[in-house]
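Here is what TrEMBL records for this protein:
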{"type": "BINDING", "residues": "63, 64, 65, 76, 80, 81, 82", "note": "substrate binding site"}
{"type": "DOMAIN", "residues": "12-142", "note": "domain 'dUTPase-like'"}
Ligand SMILES: O=c1ccn([C@H]2C[C@H](O)[C@@H](COP(=O)(O)OP(=O)(O)OP(=O)(O)O)O2)c(=O)[nH]1
């Protein structure tokens, strides 16, 4: 599938890869480094703009390496990029460690996965079909 992408990032390194992996790493596009204190969050620009086909979304997900080594993750994971969004793809990072984390220009901060989704026509009804579970949830079957 082809997806249109406008790259206004100042990164010399490729902003995206063509590898056949599910997630494409995205790089920070920064004029100067960002210092993220413990428990602070920040909106990080990528310099990328995409045009997804209707019925598709892009999901912004954490990188496992940053999460386990630095405690830095995507706060709203998975962030949703809608098919009709034409703004810059941005990433909400949060520092869950007890040390400062510096985000440098060009650093790979997250990964983006393109996914298909259903387009639903909601059908209002008075009653839903019964099931064995019924309204039980949130651990109602116990631990064992
Ligand atoms: O991590 C994210 C999440 C969202 N967006 C952009 C693309 C998305 O299509 C738009 C709206 O996102 P969302 O629906 O999550 O935001 P909202 O808080 O519901 O705001 P809105 O009222 O603008 O929909 O913001 C990003 O760039 N990065």
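Placed from the backbone N, Cα and C atoms, the Cβ positions cover glycine too.
Mapped onto this structure are the features recorded in TrEMBL.
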residue	record	DSSP (3 states)
63	substrate binding site	coil
76	substrate binding site	coil
81	substrate binding site	strand
Protein Cβ atoms within 10 Å of residue 82 (substrate binding site), excluding its own: 11
Distant-in-sequence Cβ neighbours of residue 81 (substrate binding site), under 8 Å, six or more positions away: 50, 52, 57, 58, 59, 60, 89, 112
Neighbouring C-beta atoms (10 Å sphere around the C-beta of residue 80 (substrate binding site)): 12
Average model confidence [pLDDT] within the domain 'dUTPase-like' (12-142): 94
For substrate: widest Cα to Cα gap among 63, 64, 65, 76, 80, 81, 82 in Å: 26
Chain-internal residues near residue 63 (substrate binding site), provided their CB is under 8 angstroms and they sit 6+ positions away: 25, 108, 109, 110, 111
Neighbourhood of residue 76 (substrate binding site), C-beta criterion under 8 angstroms, separation at least six: 60, 92
Residues among the binding-site residues 63, 64, 80, 81, 82 that border ligand 1 - Cβ under 6 angstroms, in sequence order: 80, 81, 82
